[in-house]
Amino acid sequence: GASGTSVDTTISLDKAVEVELTCILDKEYSYLKSFQVTWKRGNETISHTNKTDSSWSIKVSVSDSSKLGSYSCTLKGEKQLSGIFHLQVPKIERKEKPTISYLRDTGVMSCECPGYTAISWTWYMTNGSKQIVINESLLADRYVISKKSASITQLKILKLSKEDGGEYWCEATFELGKSEGRLELKVLSFVVPLKPFIAIVVEVVVFIALIVCYEIYSTKVKRTETEKEFDQIEHLKSEDSGLESSEARQRRI
């Protein structure tokens, strides 16, 4: 790697095994001659078991979880180069985004560790700050735990209620330790997905109501104007009629 930086490598182990960790000097730095190589497990210095002009190796017998952790090799000289190996139990893969289900429906959540064999799987639900084990044998009418394979587990929650929403944890037990994954379940009522549609319908109804009110108002205004014009015409006719009768009387006189 580049001077002053480290190259990180993660190695997942599900059972006891002996591993060989090797740091190889990049050809870019083959000109380096005078340097010192140190291997460490955490802060503890350990000796390498094999070396060449450009590589250094150690063998680690990972018999239990105490042998997991970080192992590093550091080259010090004109430049400082380092590599770090992280030995750990397999991480659980699960859905990052919340699982969304509806009231009285069935909620389904899954966890898996592709390529690794779990001895057992355990599901927990969070109640405040506590994790409560989900025991399907005691609550068979509510929970169903399915083991699709040694690397996949699935939790089904039947007849969902609002209280079922929250945090859930799946835990895989391996020969070398345990690994867990967090999931979230959201329980919605059937009205929730209809809210945008209802909002649109309300907007349309309001818009139509405004149009109808405007039309009624316009009609009333037009009718009032028409009645005024009619009254004016009738008034003019009556005045014209009065003038005609007056002229006739004058002519008779």
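Here the Cβ of each residue, glycine as well, is placed from N, Cα and C on the backbone.
Quick look at what TrEMBL annotates:
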type	residues	note
DOMAIN	1-75	domain 'Ig-like'
DOMAIN	90-189	domain 'Ig-like'
TRANSMEM	197-217	transmembrane segment
Three-state composition of the domain 'Ig-like' (1-75), taking helix and strand from DSSP:
6 helix, 41 strand, 28 coil
Could you break down the residues of the domain 'Ig-like' (90-189) into DSSP helix, strand and coil, giving a count for each?
3 helix, 58 strand, 39 coil
